[in-house]
Amino acid sequence: MNENLFASFAAPSMMGLPIVVLIVMFPSILFPTPSRLINNRLISIQQWLIQLTSKQMLAIHNQKGRTWALMLMSLILFIGSTNLLGLLPHSFTPTTQLSMNLGMAIPLWAGTVITGFRYKTKVSLAHFLPQGTPLPLIPMLVVIETISLFIQPMALAVRLTANITAGHLLIHLIGGATLALINISATTAFITFIILILLTILEFAVALIQAYVFTLLVSLYLHDNT
Amino acid sequence: MAGPETDAQFHFTGIRKYFNSYTLTGRMNCVLATRGGIALLLYFKLGSKKTPAVKAT
């Protein structure tokens, strides 16, 4: 049972060869490139969704911030599609790997910070001290704000990893409990099955929400630095 | 939101003109001074740890 619980989070391999790169690249197949002015239904729906999301997300940004539009839309599409595909039975979810999420969070966060220091050095440095701080508290607050800056990419990555991993573990556990209870008590097994259905619906929502939260936070860090 | 346009309302004199928590320049200088102080502290602390032979003589 213990080995089976975490087996789904191990790096996948097929005939001894690692296939994690193929799995990471797979969601891009689901988003065909539009080749016509008026496309088929799938592409039209995807374009409509991307337009809706980008309008809402880029509304707060100035011209410089909007140069990140492609990056932010790619990010939300990738994380959302990866999380949703991970809800299929026996599939591997790349976003349960902390290494992968750190690999996304750290460069994006560093990009926003470096952009801020490069184009608005004074404002970026002044951000480390809230306006109106009493004199004796200044050194402490500068240290606290510096630490909170460096925690941002860690929090981004760990938030996504923990949410998706916890959801998958819960589904695994409650599914196992349902199976085990079938022979013991059919009523309890039925109640557990209802809980499993509700949890799966929740996990669908969490998959999309976590993609949105990740992208929104990157967008907010960018807004602070542009 | 703080910015160059709101800094004009503050009129500090002396050292408070350059080190305060209200204007952009003041906040930036406070941040740089704090970080510079910590860097100097670490430099002298780590520097004194590296040379025990000199201390013994």
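Placement of Cβ uses the backbone N, Cα and C atoms for every residue, glycine included.
Summarising the annotation, TrEMBL assigns transmembrane segment to A:6-31, A:67-86, A:98-117, A:137-158, A:164-182, A:189-222.
The stretch from A:6-31, A:67-86, A:98-117, A:137-158 that makes the most Cβ contacts under 8 Å with the transmembrane segment (A:189-222) is A:67-86. When Cβ-Cβ distances under 8 Å to the transmembrane segment (A:6-31) are tallied for each of A:98-117, A:137-158, A:164-182, the top count falls to A:164-182. Remote same-chain partners of the transmembrane segment (A:98-117), defined as residues 6 or more beyond its termini with a Cβ less than 8 Å from a stretch Cβ, comprise 24, 64, 71, 75, 79, 123-125, 149, 152-154, 156-158, 160-161, 214, 218, 221-222, 224-226. Tertiary proximity for the transmembrane segment (A:137-158) is limited to same-chain residues at least six positions away from its ends with a CB under 8 Å from its CB atoms, namely 98, 101-102, 104-106, 108-110, 113, 127-130, 214, 217-218, 221.
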